[in-house]
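Peer 1: Feature list, courtesy of Swiss-Prot:
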type    : residues : note
MOD_RES : Gln1     : pyrrolidone carboxylic acid
Amino acid sequence: QRTNDFIKACGRELVRVWVEICGSVSWGRTA
């Protein structure tokens, strides 16, 4: 259970960072 919660939290953090990077790359291209 603890491992599952850790994986979920880690996944959310990774997605948040990935979206930020992807967003900045997209903005950089359009600008």
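The backbone N, Cα and C atoms fix where each Cβ goes, glycine too.
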Peer 1: So how many other Cβ atoms are close to the residue listed as 'pyrrolidone carboxylic acid', meaning within 10 Å of its Cβ?
Peer 2: 5
Peer 1: Per DSSP, the residue listed as 'pyrrolidone carboxylic acid' is which: helix, strand or coil?
Peer 2: coil
